[in-house]
Amino acid sequence: MRVSLCLAFAAFAAAQPAPLLQQVEELQKELSQQRQLIQELKETRRLQAEKSESMADKITKLQETDLGLGGALDSAWLCLCGALVMFMHAGFAMLETGCCRAKNASNVLMKNLVNVCCGTLGWWSIGWALAYGEQNGNGFIGTDGFFGFGFYTRDKASGVITPVECTADGCQSTMLSWFFQWAFCTAGATIVSGAVAERVKSPTYAAFAFLMTSFIYPMVVASTWGGGWLASLFGVGYMDFAGSGVVHLTGGISGLVGTTILGARTGRFTNPEEFECHNLPLVVLGTFALWFGWYGFNPGSTLTMKSGSDGALAAQVAMNTTLAAATGGITVFLLRYVIMHKYDVGALCNGILAGLVSITAGCGNMESGSAVATGLIGGFVYQAASMLLQALKIDDPVDASPVHGFCGAWGIIAAGLFDWGRGIDHYHGWSGFGCMEKDDGGCQTGIGGTAIGVQFIMVLAIVAWAGTLSGIGFFLLKITGVLRYGTHVEEVGIDSHHHSPPKAYALEPKSLSPSKVYSTMTSETQPSTV
């Protein structure tokens, strides 16, 4: 049957005309070409899909590399700046020692060292967690991160540690932030050391330093840098770029309360000439060390260094810092000359520090001319505050509260008054070179006055919190009798009574017996033999 059908079809095809056969062949060729084209299109699409996946992978890897590089730059920047801030402790130690009497030099130096050590333990155990822990919406206090827990993630099965997870928000480890903010915390506590120098008991001050770094200062940070209630007050929030209020006002007001409760050094206002600086070279070296460290304190507060705009802002901050320091120093120097008709090197040093403290809040949101004005007014604020304490017979051996407390308060207000937004209609604040924006991207308007109001509220809040807590702490220590050395110890010097060796300096040569003098003289006249 099949054979007969094939024969019939062949006979039929042979009987057809030639053009029809050619059409069939051409259709077959076209069909083959179309099949080949379809196959080629499929292959092209497959390659395109592979390339697309490969490109996506490459983009992802590039993004991860970029985030990692940014994290590395941030880490290098903040580690360097944190080390500069830590070096400020050398400046504090030299300045405070030089301002006090030689018979208490060892005690002052020891107190500065103990402050850093106890402050470090307070910040690690409790302080960091209260300052930067998760607040869970309370706006006042952190709740996690005690004793360094949760700083990194650990795989339960393998124990492998992941120190940092890079996201679009950044690539900084918690340890990095802990280190940088630790330097600020211990610096704030050291301010109190200068205000209560030469009569506070060392173990007592160590206990207060722990309280300061573990509770008083961290609570101020939680309300501000930690994202607490002051950060969004009235929809504008506070402005304190590097800590005129958070660090300096907190330390300054605590020192003022402490020295008021502690009382003046014995004989301070009856024989004032006995309480002059015993070593001006140390005071000057300490001032230069503090000024140098301030370039970690202020520019480092950009908290990042991975773009050109970050570098430009850090440079603007450094310039403002320099101008305010120089202006504050010259202002106080001239004021003191007008008052005394003599050059006062110590006043020049404190004037420089007054300018530095004054610019610390607004160094990132004002122009250079405003920085000069801030330092100028800061010099007047310091001089007036110093004279006020003298009139009230409040004994602050290094003028810590006028420099850090009063000028810190002025610095917060200056950050609002001199913000480089257009007039008082626009406000820059934390936005740096740009204005505070609306949700749609335009500049917010009519918020300058509100911002200044927030700055005043910040001053009052810090004074109330730090002043009250420090007052309670010092008062309890006083009534228990463990706050202050006795009159005899103050008269003979803390070094000779409680330290070994009993004095910090050994400038005079040791006395020799007559026989040793003769032996030395004869040995010097004898020819040497080899």
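Each Cβ is built from the backbone N, Cα and C atoms, and glycine gets one as well.
According to TrEMBL, the coiled coil annotation covers 21-51. According to TrEMBL, the domain 'Ammonium transporter AmtB-like' annotation covers 76-500. The annotation signal peptide is assigned in TrEMBL to 1-15. Taken from TrEMBL, the feature transmembrane segment covers 75-92, 113-131, 179-197, 204-225, 245-265, 277-297, 317-338, 345-362, 368-389, 401-418, 456-477.
Confidence over the domain 'Ammonium transporter AmtB-like' (76-500), given as mean pLDDT on the 0 to 100 scale, stands at 94. A Cβ distance under 8 Å defines the sequence-distant neighbours of the transmembrane segment (345-362), meaning residues of its chain 6+ beyond its ends; these are 95, 99, 239-245, 247-248, 277, 280, 283-284, 286-287, 290-291, 294, 297-298, 320-321, 323-333, 335-336, 370-371, 374-375, 377-379, 381-382, 386, 399, 402-404, 407-408, 410-412, 414-416, 418-419. Between the transmembrane segment (456-477) and the transmembrane segment (317-338), fewer than three CB pairs separated by 6 or more residues in sequence fall under 8 Å, so the two stretches do not touch.
Of the two recorded stretches, the transmembrane segment (245-265) does not lie close to the transmembrane segment (368-389), with fewer than three CB pairs under 8 Å once pairs fewer than 6 apart in sequence are set aside. Listed by sequence, the residues of this chain that lie at least six past the ends of the transmembrane segment (317-338) yet keep a Cβ under 8 A from its Cβ atoms are 241-242, 291, 294-295, 298-299, 301-302, 344, 347-356, 358-360, 362-364, 366, 368, 371-372, 374-376, 378-380, 382-383.
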